[in-house]
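Heads up, the thing below is written out as structure tokens.
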Amino acid sequence: MNDTKPAPGNAATPAQVRIFDTTLRDGEQSPGCSMTPRQKVVMARALAGLGVDVIETGFPASSESDREAARLIAREVRTPVLAVLSRCLPADIEASARALDGAARPRLHVFISTSALHREHKLRMSKAQVLDTAAACVAQARGFVDDVEFSTEDGTRTEREFLAEVVGAAIAAGATTINVPDTLGYTTPEEMRALFAHLIATVPGAREVVFSAHCHDDLGMAVANSLAAIEGGARQVECTINGIGERAGNCAMEELVMALKVRGAWYNADTGIDTRQLVPASKLLSRLVGMPVQRNKAVVGANAFAHESGIHQHGMLRHRGTYEIMNPEDVGWPASKMVLGRHSGRAAVSHRLRALGYTLGEGQLDQAFAGFKALCERQRVVEDRDLEALMHGDIRGDGFRLASMTVSDRGQRASAEIELSDPDGRSIGKRALGDGPVDALFSALAAATGVDLQLESYQVHSVGIGADARGEANLSVRCGDDAWEGTGTSTDVIEASALAWLDIANRVLRARQLQPQRQAAHA
Ligand code: MN
């Protein structure tokens with residue numbers, strides 16, 4: 001086995017690859033992943049803790065929610081560069097510049113489609129028009145900030161000569177980062193490596209800017225293509241936590257970062273990521289958007305370090321290296337667990353919250369610790385799930401909240417009576433009948449919220465031990481064409497079911513609010 005190969009140019013020190021995280025933009029705009037501005041702030045803090053170089057916080061022209069998130073993050077997150085996306089339209093770029101007002105390190109990211117298909121059918125523009133528009137919008141963006149990234153949408157399906165021309169025009173107009181996206185997840189590693197090497201070698205000024213890859217996973221090659229772009233000379237990779245993003249998703253940050261780390265001698269490149277924060281960030285995102293990580297997912301899946309077969313277990317006991325190429329602790333899986341309860345102090349609670357992805361300021365920690373103490377009055381042991389529920393309740397944001405519920409199943413049919421407060425704080429009461437208590441409950445919730453969810457699976461199990469046990473309900477539903485999952489936790493399983501149902505309904509409503517605005521922006 002050949003572990004190493006000569007580095008390009010035989011550089012003595014590993015090349016530094018910038019990590020540009022787009023979880024809050026490309027990730028968030030995918031079905032089932034919408035987040036409130038407050039949730040985005042929580043995630044942005046975790047990304048800063050991970051050590052990402054750039055956070056793309058949104059697409060300000062697409063919705064008021066994106067604008068608010070960009071403004072809140074600009075106020076609270078000061079270390080990484082903060083980027084926002086705009087089409088090549090003067091009004092979009094102005095809205096983006098305003099959203100970045102006050103940011104410590106602002107970046108404007110502008111894009112235009114370059115492929116023949118997109119030019120003809122989406123933009124209805126000639127090559128010359130695309131070229132002029134690209135240069136004009138980069139120049140406009142440079143009027144606001146010094147840090148401007150330019151992207152050639154559908155770049156990998158663009159005629160190579162024309163792509164080089166557009167990239168050259170953007171560099172001449174002042175772009176400092178050039179991103180060549182594989183928007184449709186169509187390219188292959190060898191093609192990607194050759195494309196980047198060609199552009200960097202031939203476009204005037206290319207060596208003065210940073211080249212960036214943005215790969216989608218439609219053929220399962222997003223990470224491989226991003227690594228190939230690095231071999232071709234790219235020094236920035238755009239990625240997301242858990243690989244969320246449009247359609248099959250984006251390049252998964254945890255996979256790319258660990259590939260560069262484990263095979264550092266091969267790639268001769270590294271990132272500034274604190275790999276111990278990868279699992280916490282993955283868990284946090286999964287919780288915020290309600291999208292579970294598949295068990296066999298690389299690095300952050302529950303099975304990524306599980307050894308079931310006897311032969312593997314035997315090997316592992318003799319020498320860990322027989323069946324593991326990474327240490328679970330190095331990517332943030334906990335080595336051992338302390339029990340949290342009444343006698344635990346602030347430091348222990350803060351430490352555990354960090355392991356769950358929550359990076360808190362002093363004031364926020366005070367509040368979380370007070371919540372923890374209150375929980376200890378009711379139960380002996382506080383589990384991770386309890387802490388997550390505590391934090392989640394605090395950042396859930398606007399939506400329907402459960403005020404009270406009564407369920408009875410005496411007589412022929414069960415009945416449920418609920419009271420909710422709506423997003424404006426008004427109270428709504430409904431009563432419904434059903435074949436069982438849960439059926440009646442869900443009917444009442446549907447009547448009160450106006451959201452119709454088709455139940456696909458419903459599971460209840462207990463978490464915790466003995467008198468402290470709490471019920472957790474997991475729901476999978478369909479709403480129109482989309483699948484959603486939700487979780488609720490309570491000392492009462494019926495209430496846990498209601499909370500899981502509302503968790504989904506609130507996210508469905510939020511997605512509906514965002515959709516028309518975004519479609520208008522993408523038109
Ligand atoms: Mn994308």
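Even glycines carry a Cβ here, placed using N, Cα and C.
According to TrEMBL, the features are:
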BINDING   Asp26, His214, His216, Asn250  Mn(2+) binding site
DOMAIN    17-279  domain 'Pyruvate carboxyltransferase'
REGION    401-523  region 'Regulatory domain'
Number of Cβ atoms other than its own within 10 Å, given for Asp26 (Mn(2+) binding site): 24
Cβ contacts of Asn250 (Mn(2+) binding site) (under 8 Å, same chain, 6 or more positions away): Thr22, Asp26, Gly27, His214, Cys215, His216, Asp217, Ala222, Glu238, Cys239, Thr240, Gly243, Ile244
Residue among binding-site residues His214, His216 with least C-beta crowding, 10 angstrom cut-off: His216
Rounded mean pLDDT for the residues that make up the region 'Regulatory domain' (401-523): 85
Reduced DSSP assignment, Asn250 (Mn(2+) binding site): strand
Tally of residues which DSSP labels helix, strand or coil - the region 'Regulatory domain' (401-523): 46 helix, 53 strand, 24 coil
Assigned element (helix, strand, coil) containing His214 (Mn(2+) binding site), judged by DSSP: strand
Coarse DSSP state, helix versus strand versus coil, of Asp26 (Mn(2+) binding site): helix
Output field, Mn(2+) shell: CB within 8 Å of site CB centroid, site Asp26, His214, His216, Asn250 dropped: Thr22, Pro181, Thr183, Cys215, Ala222, Glu238, Cys239, Thr240, Gly245, Glu246, Gly249, Cys251
